[in-house]
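Here the structure is laid out as structure tokens; the discussion comes afterwards.
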Protein chains: 2
Amino acid sequence: MQFDQGYDVIVVGGGHAGTEAAHAAARMGARTLLLTQSLESIGQMSCNPAIGGIGKGHLVREIDAMGGVMGRAADRAGIQFRTLNQRKGPAVQATRAQADRSLYRQAVRSLLDEVPALSLFQDTVHDLIVEHDEVRGVVTGMGLELRAAAVVLTVGTFLGGTIHIGDHNRRGGRAGDGPSIALAERLRAMPLRVGRLKTGTPPRIDAASIDYRSLNAQPGDDQPVYFSRWSRGDEHPRQVPCHITHTNADSHAIIRAALHRSPMYSGEIDGVGPRYCPSIEDKVVRFADRDGHQIFLEPEGLDTREVYPNGISTSLPFDVQIAMVRSIQGLEQAHVTRPGYAIEYDYLDPRDLHPSLESLQLPGLLLAGQINGTTGYEEAGAQGLLAGINAAARAGGLTPWVPQRHEAYIGVLVDDLTTRGTREPYRMFTSRAEYRLHLREDNADLRLMPVARAYGLISDAAWRDFATYRDAIEAERRRLEKTWIRPVDLGDDHGTRQLGQPLRREQSLMNLLKRPEMDYATLLSLPGAGPGPTDPAVCRQVLIGARYEGYLKRQSDQVARQARHEDEPLPVDLDYHSVAGLSAEVCEKLHHHRPATLGQAGRIPGVTPAAVSLLLVHLRRGRTRQSA
Amino acid sequence: MQFDQGYDVIVVGGGHAGTEAAHAAARMGARTLLLTQSLESIGQMSCNPAIGGIGKGHLVREIDAMGGVMGRAADRAGIQFRTLNQRKGPAVQATRAQADRSLYRQAVRSLLDEVPALSLFQDTVHDLIVEHDEVRGVVTGMGLELRAAAVVLTVGTFLGGTIHIGDHNRRGGRAGDGPSIALAERLRAMPLRVGRLKTGTPPRIDAASIDYRSLNAQPGDDQPVYFSRWSRGDEHPRQVPCHITHTNADSHAIIRAALHRSPMYSGEIDGVGPRYCPSIEDKVVRFADRDGHQIFLEPEGLDTREVYPNGISTSLPFDVQIAMVRSIQGLEQAHVTRPGYAIEYDYLDPRDLHPSLESLQLPGLLLAGQINGTTGYEEAGAQGLLAGINAAARAGGLTPWVPQRHEAYIGVLVDDLTTRGTREPYRMFTSRAEYRLHLREDNADLRLMPVARAYGLISDAAWRDFATYRDAIEAERRRLEKTWIRPVDLGDDHGTRQLGQPLRREQSLMNLLKRPEMDYATLLSLPGAGPGPTDPAVCRQVLIGARYEGYLKRQSDQVARQARHEDEPLPVDLDYHSVAGLSAEVCEKLHHHRPATLGQAGRIPGVTPAAVSLLLVHLRRGRTRQSA
Ligand SMILES: Cc1cc2nc3c(=O)[nH]c(=O)nc-3n(C[C@H](O)[C@H](O)[C@H](O)COP(=O)(O)OP(=O)(O)OC[C@H]3O[C@@H](n4cnc5c(N)ncnc54)[C@H](O)[C@@H]3O)c2cc1C
Ligand SMILES: Cc1cc2nc3c(=O)[nH]c(=O)nc-3n(C[C@H](O)[C@H](O)[C@H](O)COP(=O)(O)OP(=O)(O)OC[C@H]3O[C@@H](n4cnc5c(N)ncnc54)[C@H](O)[C@@H]3O)c2cc1C
């Protein structure tokens, strides 16, 4: 049975990847269908009710600069906002928000509903339509055939999902939702590499059963913080604090005594779990000398009594979960509302993808989100955005967008995935980016809005706004460079008071701004320096540009140097053993991965910059020889 | 594995029956656990996004008078309110609200979260713990054993649920949710009578694809209407209109041509469907001469583009659904977001229940909602409330609440179910009540709050409020009876103007109020008659009492007469053939049903009041003979 005339893009899955993908494709004008198991669970947060954090907040700002959903939804649903690393450099400062689960779902749904070219449909995909080795659509559980120029698969943890609690296990895509078995079997029958990963979630606790008197509260920031440049500043609902408690020696003893009943240690689970988001049993085993781990008690929303105890993800048997929870200060009488559990699921090896996220083996199929071996809403959303854009690009005959590592964390993410693959759930960290100082939260819009505009994701009005902002930064930079202050303008006293020392010779305002102790307000208070821009964001950009000028320039030079070699092709038949100076181990690795370019070679784990230089020398020599 | 110390009451299922049951039991102080498949779907409306209507609105007010959830939740989630039958008598006036699905879920959840004795837990029940022929608890899918003095089962359409769309069918409890198979099998193995019913739902439509220009809008009432006496009057969210369209000859032709592909007509479905809420294919077949049926296009919420087309529930194949939808005015370009479907499920014969909703065969087990063969949120909620109260009563050693037919629609509902059973999904109508004039929406609180107070469901403050209200009505009645107006007080002119005719002789205000053309404002404007009560609800009660005095008295007398015989026992070994004058058919029926009392006999369908009189005579004669 065929349904309708067909679509440009079909997105399968209404999670964080799927909603960004569908939103982006439809905003580009592609007739888009978002097909998901249950329309009720669109935008559902499967695990912790929070968006952002270090590295992740960066992704949210990038998604937002591209006109995406996540930042705006988090602004409407966030019940506690914080800027992390406020005392550190701007590269690692990041925004994090606790979210009200139900408000978050609502916000996502209503942002999708604003896009005319986007249609929703509730059904489960059981198969792909493959014709002439290309993916041309999907077949649903109801037997519908739906056709499209591109299909984006974003089925998260649902493929062949198995839920574990102690030695009890059952099929499921997430607690309360069925797994995707038929589709998993079909994908395993296709020429795709499939692996198995796992992740986990903590038990939830009834706030009414928590004794908060003994716990420290952690409020959000005083100043309102926003993820989205599209938010007007009145979107936040009521703000609430979190509370902090800790596991202790008793909790750890309870866990140790029960390890043989944990599905992870008894051998029940094969899938590899996220190293950076370990279960509490992992932490107790791996950090055996620590006798306490911090737990944030995060409210699940404004209108619910459920609390998410961040830090005790577990798949121990339920009786052990209860004993462990009740050994913790403040939780002595805790009522658990949902058990913690681990989930094992199929993922597809992302090395089988182009950096556009399109399948190497099956053109027309794009993959995004947890299915590519990542973990986290932000990682999923970022990939979804990219895949959505590239699906619409395919349908509309445009060049795909392939962000580079120095342009965006999204570039780092897909480059890492598609060239290195992953053997454990991959999450974003600022340390994964070489050009951190360029990839700040605060300049995500400056980096990406021009791209977004080129792909038709930014309205005329928004683009005018942005241009005004960008021009204001440029104008202010020029103004500061051209405005000079002389010692006589200040007088000794004045100079000492405001500059911390007398001004010895004439200086441009820009040079003064570069001084580490200078802030913008002080600068503008100097005679003839004010009034300056009204938008504090403009000042911030100028300040960061001035203060980190040296570092930024050094990184730009590196990018340029890198770029020169990045695309240098490595011959397919290159005999790495013939490359002088390479260690046996590096040879082995290169031989195994067969990178297409020098850039890719350099990103294979274990291949050092020195090895890359040797490769470069080898290539040069080869060329000289050839041309000789 | 055993969980905790045990509970007083365990409620299984977080639908409309389950949430009322858990809320009521916990407010009575019973330690209550609400156990449901997914905490996310608590309060989910499976089908139409509306609460109330004729007969149903009455149930909502009764639930509300007992301190229940539904009325308050509807007030917080309602996006269009109407008082139906406003030109008819007060007995059949009723409130109806369209609801925002997502706000409704939220409201239910937060009302539950307000009750300290209530805990939630997410898991699926697979079995009952039965010991010494009593139910003592439940066993969950995770293998947990949870114990309680009483278990309330409210699993709706989930027992052995099968979803049908054309010839395609699959297991499911409702679209997007898994069925309850393990529990269905266990119940079928117990000494309970199990039957099969079905119900259906229409496809949903994307508002953006509807051409509203050609359709008539139906707004809500101008005056704000509230279900709940606990609402303060500022709970309503933004109000929106519905739109009206119709099926036509084309639609009917499409349906007729596809009837052989309908699972209901092809014999795929055995379960009996709701007569009063038929599918569109049923309507086309049963009312073959009509060439159009009305459809209300009801928004599913404020923040969503989905629309519920009320009136075209169907399980036709999906391609037929689309063709049928697009044959309708305004829907020519409609995009369907979810298919319509029928669901077949197990129900338990409610004749196996005490009127307290406790199982005859399995003490400690109470059943409420769709599992008892009803349909509708309100019917489910009303039973849930009753079962919750009686579960807590069992746990606390109190007498169960058994509302009578003249006290409440809830009484009519459970009496109908437990004495007559049902062979099709049962829904409430005002015509089912003999004492309609007593069972009004407007006096639900006067009828039931004293009961609620006796069971500990009403706080001291609320009770004081209520007492003030009740006393004010009594005081006003007495005042109107004692205040007399003489012709001289009025003067001819005045009398004619305000009374429509001159006052001939001295009259009490009460007598004047009884005149059909008199309204309260006019009465109070007579010299010496004012100022009267400030609360318009007080005036309304006094007015209805005055105007319908005669009818009300007659019904009260009937109730009294009925009551005298209601409990008259019928000997178990009574030989109905020996009762003079009974028709063979009635004899057969009585013999088959073996009613325990004269009251029950009278409610067996086909047993006429005349037959009951014959039985009464027979009993009297028997007694006289014995005593002779
Ligand atoms: C138990 C658990 C614990 C987690 N723990 C963490 C953690 O500690 N830290 C962290 O960062 N992240 C964690 N996550 C991961 C986080 O939830 C995901 O990274 C994120 O939700 C992935 O988004 P996604 O869009 O790829 O998939 P999902 O959000 O899973 O969305 C998948 C969507 O696809 C739909 N779908 C599935 N199959 C089909 C089909 N065949 N047809 C149609 N629709 C289908 C589903 O209904 C769903 O809407 C956890 C997830 C789970 C389930
Ligand atoms: C397709 C469809 C069409 C309908 N059409 C109409 C209509 O036209 N008119 C009308 O008035 N009514 C209709 N209804 C009925 C209306 O939805 C129900 O009357 C009402 O929801 C019944 O409430 P309930 O509480 O009995 O059950 P439900 O609302 O169904 O709730 C049952 C609850 O039990 C939970 N549950 C099930 N099994 C288990 C288990 N083993 N363990 C734990 N939890 C469990 C479920 O998750 C759910 O929360 C329809 C329902 C459906 C599904």
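Just so it is clear, glycine is given a Cβ too, placed from its N, Cα and C backbone atoms.
Whatever TrEMBL says is automated annotation, not expert-curated.
According to TrEMBL, A:Gly13, A:Gly14, A:Gly15, A:His16, A:Ala17, A:Gly18, A:Val125, A:Gln370 bind FAD; the candidate from A:Ser180, A:Ser313, A:Ser315 that the record adds to this site is A:Ser180. Distance from the CA of A:Val125 (FAD binding site) to the CA of A:Cys277 (NAD(+) binding site) is 30 Å. Looking only at the binding-site residues A:Ala17, A:Val125, A:Gln370, the one with its C-alpha closest to A:Arg275 (NAD(+) binding site) is A:Gln370. The binding-site residues near ligand 1, defined by a Cβ under 6 Å from one of its atoms, are A:Ala17, A:Cys277, A:Gln370, chosen from A:Ala17, A:Arg275, A:Cys277, A:Val285, A:Phe287, A:Gln370. Taking a C-beta cut-off of under 8 angstroms and a sequence separation of 6 or more, A:Gly273 (NAD(+) binding site) has the following same-chain neighbours: A:Leu197, A:Lys198, A:Thr199, A:Gly200, A:Met264, A:Ser279, A:Asp282, A:Ala342, A:Glu424, A:Pro425. Overall, the recorded FAD-binding residues A:Gly13, A:Gly14, A:Gly15, A:His16, A:Ala17, A:Gly18, A:Val125, A:Ser180, A:Gln370 cover a maximum inter-Cα distance of 18 Å. When the binding-site residues A:Ser279, A:Gln370 are scored by other C-beta atoms within 10 Å, A:Gln370 scores highest. In terms of local Cβ density within 10 Å, A:Ala17 ranks first among the binding-site residues A:Ala17, A:Val125, A:Val285.
With a 10 A radius on its CB, A:Gly15 (FAD binding site) counts 31 other CB atoms from all the protein chains. DSSP assigns A:Val125 (FAD binding site) to a strand in the three-state reduction.
It is A:Lys283 that, of the binding-site residues A:Arg275, A:Lys283, has its Cβ surrounded by the most other Cβ atoms within 10 Å. If you measure from the Cα atom of A:Gln370 (FAD binding site) to that of A:Val285 (NAD(+) binding site), you get 26 Å. Listed in sequence order, the residues of the same chain lying 6 or more apart from A:Glu281 (NAD(+) binding site) and placing their CB within less than 8 Å of its CB are A:Ile255, A:Leu259, A:Ser262, A:Met264, A:Tyr265, A:Thr314, A:Ser315, A:Leu316. For A:Gly13 (FAD binding site), the same-chain residues 6+ apart in sequence whose C-beta sits under 8 angstroms from its C-beta are A:Leu35, A:Thr36, A:Leu153, A:Thr154, A:Val155, A:Gly156, A:Phe158, A:Gly369.
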